[in-house]
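What TrEMBL lists as Fe cation binding site is 157, 159, 213. For 139-241, the entry in TrEMBL reads domain 'Fe2OG dioxygenase'.
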């Protein structure tokens, strides 16, 4: 995989999440292989899919996207609760539980276009998970960049706002997290907990496309050296089917 060098990924300022202050990842972790796993039919975890340089480039892009035109914000749910993660949308603006071309909850500005680099990245990711035929037909048009500080979490939920059952692509950057992947019926067992580390790819589609999933907690101090920030970033790519 290659990213194009340019103004988007040359970013040094703090925008939306704090800079990393030194690597504290356990050096012995690298000695323990983390094999590719299928958690359920259609749910594939590929550790270390992004190399360190690709991770740093993607962090730089996330900083740029977090600066606007629609800023990173904490989403207010219909119940009045406020999510602990902060998010910025690309291509389509996500609100509970719909998509819009404008950020109706933060001033009404038009959402930033979906970046071509993420379209390529999404196709490469689906190819890695399912093979070339699936990857070549994948047309992601919405991205959600979520920032988790040490206290943030994500409750169990389904991704059901899309009008297609195309797979969801998830990329992890920074601190590791404990990710819970459940069943398609409800938030109860059976589920599996897996640690997602920086550079990991997780794709879920097919029979697992509407599985409940969430983040139980982040693991502070696990961001790799040189990643450029503290906390965790998760970039999810989706094909909305909205045209």
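The count begins at 1 with the first shown residue.
Keep in mind that glycine also has a Cβ here, set from the backbone N, Cα and C atoms.
Since this is a predicted model, take the numbers as computed values, not measurements.
Feature map: annotations from TrEMBL on the structure.
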| residue | record | CB count, 10 Å |
| --- | --- | --- |
| 157 | Fe cation binding site | 13 |
| 159 | Fe cation binding site | 17 |
| 213 | Fe cation binding site | 25 |
For the Fe cation site built from 157, 159, 213, further residues of that chain with CB within 8 A of the site's CB center: 156, 158, 211, 212, 214
The domain 'Fe2OG dioxygenase' (139-241) [mean pLDDT, rounded to integer]: 98
